[in-house]
Amino acid sequence: MIDTIAALSTAQGPGAIGILRVSGSLVMPIALAVLEKNQKPLTETFLQNQKRSAIFCDFVENGKPLDQIVFFYFPAPNSYTGEDLAEFHLHGNPLLLKRALHVLFEKGARPAQKGEFTKRAYMNGKINLSGAEAISRLIEARSKYELELAQKNVFGEITKLSSKIRSDLISLKAECEAEIDFSTEDLTFESLEERKNRMVALKNLCSKLIKDSERAESYILQSTVVLYGEPNTGKSSLMNLLIGKDRSIISDVPGTTRDYIAEELSLDGIPIRLVDTAGIRDTTDNIEQMGIERSKREADSANVKLFLIDTSLPFEKQSFLLKHKDRLFGSLIVANKIDSKHPSWHTESIHDIQEEFQLTISEISCKTKQGIPELLELLKSKLTSKDDTEDLVLLEDRQRYHIQKIESCLSEAIQLMENNAPAEIYIQEINVALHEIGQVNGVVENEEILGRIFSKFCVGK
């Protein structure tokens with residue numbers, strides 16, 4: 001008998017609907033014990049005839065209706081877990097859901113562990129390990145790019161690629177074994193050059209997969225964008241404008257921002273940590289100076305530095321360069337306050353700086369919001385300098401480890417072939433590579449590894 005598990009499958013907190021999921025051998029007895037329709041208990045025959053259909057009925061506790069619900073019954077093996085599975089769709093009041101879940105426990109279910117439903121799906125062959133990890137990534141995705149990459153894996157991109165690698169490895173192994181076993185027979189085998197070329201192509205596929213995954217990783221890692229510059233250039237105003245709330249104090253008094261302030265936001269699906277820093281200036285105030293030093297460290301470690309300058313002040317090229325030359329390199333220059341631009345800030349002066357230092361300059365006004373959409377597009381291109389995610393694939397750390405091992409095995413096998421080693425020697429590397437590719441999709445016997453993977457899930461998944 002398979003023990004029966006139950007858990008809340010929707011998010012914690014109030015909502016229109018809350019779903020309780022139950023899986024295991026006691027699904028039918030539990031359902032019959034807690035469901036009524038027109039004040040009459042449901043029958044097993046009725047539920048079997050209504051499988052995979054929505055049944056409107058009452059959920060009862062101690063013979064009294066607790067809630068009007070929609071019930072779904074999915075008999076094995078045609079369910080998410082591969083076991084008998086049921087879903088109770090109740091109104092999404094947390095107290096109501098807690099009481100209903102307690103009733104299910106009283107009738108023989110036990111609380112599910114994190115990821116246990118998906119683990120059962122894996123153990124029953126409904127999904128492979130790559131698919132399970134993709135579901136976890138899909139649920140936890142924090143950005144548009146991560147969601148797109150997770151969706152590709154849910155629909156089997158990793159499985160397809162690893163299946164190709166496995167198929168090619170089996171083909172190589174079969175050719176090597178045939179040569180070893182039938183070397184005295186009058187048979188024709190592929191040339192060593194052809195075999196080596198196949199290994200090189202397979203190794204290159206693994207290398208590309210790893211590199212593509214590293215590129216994909218850059219899409220989903222949070223980027224740090226630092227607003228940097230002298231006091232009163234509009235850093236705090238731009239910070240508040242970009243995050244849509246008054247997070248930084250705005251004042252005409254220099255030195256108002258004494259320390260850096262960080263906020264998280266999403267720029268068209270790109271996760272960003274936006275940092276407003278203390279204005280850079282010479283000061284005798286020790287506390288302000290400490291804030292300036294911390295701001296410089298933040299700027300040095302940023303993915304993108306937005307160096308703000310105040311165009312309402314007079315511009316003189318030589319003094320400007322003398323003051324800011326070291327800060328310009330590696331920065332995206334944001335020329336703020338163009339709504340009140342000083343006459344000395346004519347177009348040629350900006351172009352001169354742009355050409356001399358090969359800089360990108362964005363002209364904006366935080367006051368009128370002029371140039372803000374263009375700045376955001378420029379920032380997005382700086383952060384991504386990315387292509388579309390269409391040709392990329394995202395490997396989990398565990399998967400990447402095994403693909404790297406395969407790449408290493410193939411490199412070793414190629415080296416052995418070039419040194420005229422017999423097939424009996426380099427076939428061992430192919431055998432190890434085959435073991436590693438099995439680990440990618442789920443030929444994993446280690447319970448500790450499985451536990452680590454599925455513990456990342458929420459309880460109801």
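The backbone N, Cα and C atoms fix where each Cβ goes, glycine too.
According to Swiss-Prot, the feature (6S)-5-formyl-5,6,7,8-tetrahydrofolate binding site maps to R21, E87, K126, K461. Residues or ranges marked as K(+) binding site by Swiss-Prot: N232, S251, V253, T256. Annotation comment: Swiss-Prot describes 232-237, 251-257, 276-279 as GTP binding site. What Swiss-Prot records for S236, T257 is Mg(2+) binding site, and it gives sequence analysis as the kind of evidence. The domain 'TrmE-type G' annotation in Swiss-Prot covers 222-384.
Spacing of K126 ((6S)-5-formyl-5,6,7,8-tetrahydrofolate binding site) relative to S236 (Mg(2+) binding site) is 52 Å (Cα to Cα, whole number). Between the CA atoms of K235 (GTP binding site) and R21 ((6S)-5-formyl-5,6,7,8-tetrahydrofolate binding site) there is a gap of 50 Å. In this structure the C-alpha atoms belonging to E87 ((6S)-5-formyl-5,6,7,8-tetrahydrofolate binding site) and S236 (Mg(2+) binding site) are separated by 50 Å.
DSSP assigns A278 (GTP binding site) to coil, not to a helix or a strand. Ranked by Cβ neighbours within 10 A across all protein chains shown, the binding-site residues R21, K126 are led by R21.
For the domain 'TrmE-type G' (222-384), the predicted model reports an average pLDDT of 77. Local packing around the binding-site residues E87, N232, K235, A278 was summarised as the count of other Cβ atoms within 10 Å of each Cβ; on this measure the leading residue is K235. Around the Cβ of S236 (Mg(2+) binding site), the number of neighbouring Cβ atoms within 10 Å comes to 25. Under DSSP, K235 (GTP binding site) is assigned to a helix (H, G or I) in the three-state scheme. In this structure the alpha carbons, written CA, of N232 (K(+) binding site) and A278 (GTP binding site) are 10 Å apart. K126 ((6S)-5-formyl-5,6,7,8-tetrahydrofolate binding site) carries neither a helix nor a strand DSSP state and counts as coil.
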